[in-house]
Amino acid sequence: MRIHSYSLQRNGDIMTVIEKLTRASHLIDMNDIIREGNPTLRQVADEVALPLSDQDIILGEKMMQFLKNSQDPVMAEKLGLRGGVGLAAPQLDISKRIIACLIPNPEDEEGNPPKEAYSLEVIMYNPKIVAHSVQEAALADGEGCLSVDRPVEGYVIRNSRVTVEYVDKNGDKQRVKLKGYNAIVVQHEIDHINGIMFYDRINEDNPFAIKEGLLIIE
Ligand SMILES: [Zn+2]
C-alpha cells in the first residue's frame, strides 16, 4: 500500500490570503476574486487598525494596480482581467474595510486623451458616508461587479451625492464630496465592506421603476 505523505512534506507554514496577495511578485488577477455565494461577500468587514500596517498599505496598492492592469488592454489580455473601476478587500476574501477606485476620464470628441487621466484615483481605508443627498440616482446602464459573473439588469438606486470620510494611504484623514458616476462607484464599493451586493438595491418587482426625482446618469 502506498502511503500518501505529501501533506506532511508540505511547508508547514499556512500562508494567509493577505500574505499571498501582498507578496512583491504577486499580481492580483481574477483567480483572487471571490464570486457571489461566498459568505465573505455578505459579512460586515472589520475596521482597519490605525496606524496602517505595511501589509494593509501594500494590499491597497495591489488593489489599485489590479484596477490599472484591468484597464490596460495589453495587461488585461495577458492576465485575463475583466475591466473594473473599483475593488473592495472582501472581494479578495479579506474582510477588511479597504476599497480602491480608479475612474478614467473619457477621451474628447476627437479621441484625444483627457488632460487628467482619472476623475477619481483613490485607496480608502475605513471609508464612511457621513452625509448624502436626499436625491437618488442610478446608472442608465445598471451596474456590474467583478464578483458577479452574470448580467443583472435594473436601476441600482443610490444617493446622487455623498460625502465620504476615510483614511488615505499616508494615514491622513480625508473628506471628499462626490457626485455623478464617482459617487455611484464609491457607494458600490462601500456596500461591499458592509456585505451588500448591487442587486440588493434593484426594485425586485419593477427593476426599471423611476421614482419621482430619480436622477438617471447616462
Ligand atoms: Zn462589486
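Keep in mind that glycine also has a Cβ here, set from the backbone N, Cα and C atoms.
The shown structure was predicted, so the numbers you read here are calculated from the model rather than taken from an experiment.
According to TrEMBL, the features are:
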BINDING   CYS145, HIS188, HIS192  Fe cation binding site
ACT_SITE  GLU189  active site
Item to complete: Determine, to the nearest whole angstrom, how far the Cα atom of the residue listed as 'active site' is from the Cα atom of CYS145 (Fe cation binding site).
Response: 10
Worksheet, complete the sentence: Residues sitting within 8 A of the centre of the CYS145, HIS188, HIS192 CB atoms (Fe cation site), not counting those, run GLY86, ALA88, GLN91, GLU143, LEU146, SER147, GLU189, ASP191, MET197, PHE198
